[in-house]
């Protein structure tokens, strides 16, 4: 792949290196130039000489002569000293050896690992290499299993969140302790996992559709030069999320209904679907759909923006010798960014859950999104829109940790580097 990246070799036989493509490749990546400069400046004298360029490219498996290296340097060298200092470097362009680039992509990819059960994040991207070698499906599988284990591990908190979203009100002061007590009294320990089955089953179709849709939207939105900017990536990611959510939305409704259901009300997922269909018709399976789709935008947008911000800050201040921030920095950035995203979209998620559950709550008026917002604010104030957010945030850390550990174990078992 290094050979492909660097179209080394003298295409027009004039002793010049054709590296249009190489330049293009470099420009696409956002690694800070400082790191690239440092990695090329082998003897740390603050200047890059031709011999250092030759040496660096040799590491990549690309052999060029001193002559060609001098040509590269000449194009950057402003003051004719035949060596390039940091200022010339910065003024000229972002020049990255491919090893750095590979590392950066690997470490700063929005990782599949972080499944907090509200999977609205931008899907993973796979390199051509990964697609060819079949690494991609192994990664998706590892991510899916990690998601399943992590959702199951945090299911009681998730069910508590749904209960608080639906039943919490001024008169019903449900907190974490009383919520758990209520659930245990009503259905025993097993009831804490009610609705988890659907939540796990929906991982596979959702991931598959999201991944497929993301690829399609990227093709449509790619600029002429084949580059995807952050905005395009965000738009394709959000659209892919929306597409996936639309197709599996009935499963979301089932999960909510099962979670707020009483013991013995439904014997399982299919029974629940049958009963809803019989009593309320197909329409019921898309209740709360609008706030759900609207919630994707602030969630994904803020998540991505915060992630980018944390990443850039880290690269500027702490990346001294390598682009690898280490596991904890990555998990930290991911956790913080998804937490900010959740804070922003939580009221929409709450209204969505209420709408999904409405018909099954006795005597509750069937309100639309705007009506529900107005009613919650009128009766409970702004904090009413944040009911259940405590168990929701308590869930983030264990969910992230579980899914990370399982993901790593799965990767070892499937032989993914």
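Using the three backbone atoms N, Cα and C, a Cβ is placed for every residue, glycine included.
Any TrEMBL annotation is an automated prediction that lacks curation.
Feature annotations, courtesy of TrEMBL:
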- 28-63: domain 'EF-hand' (DOMAIN)
- 64-99: domain 'EF-hand' (DOMAIN)
- 134-220: repeat 'Solcar' (REPEAT)
- 228-313: repeat 'Solcar' (REPEAT)
- 325-413: repeat 'Solcar' (REPEAT)
### Query
How many of the residues that make up the repeat 'Solcar' (134-220) does DSSP mark as helix, as strand and as coil?
73 helix, 0 strand, 14 coil
### Summary
Across the domain 'EF-hand' (64-99), the model's average pLDDT, rounded to a whole number, is 63
### Summary
Per DSSP, the repeat 'Solcar' (228-313) contains 73 helix, 0 strand, 13 coil
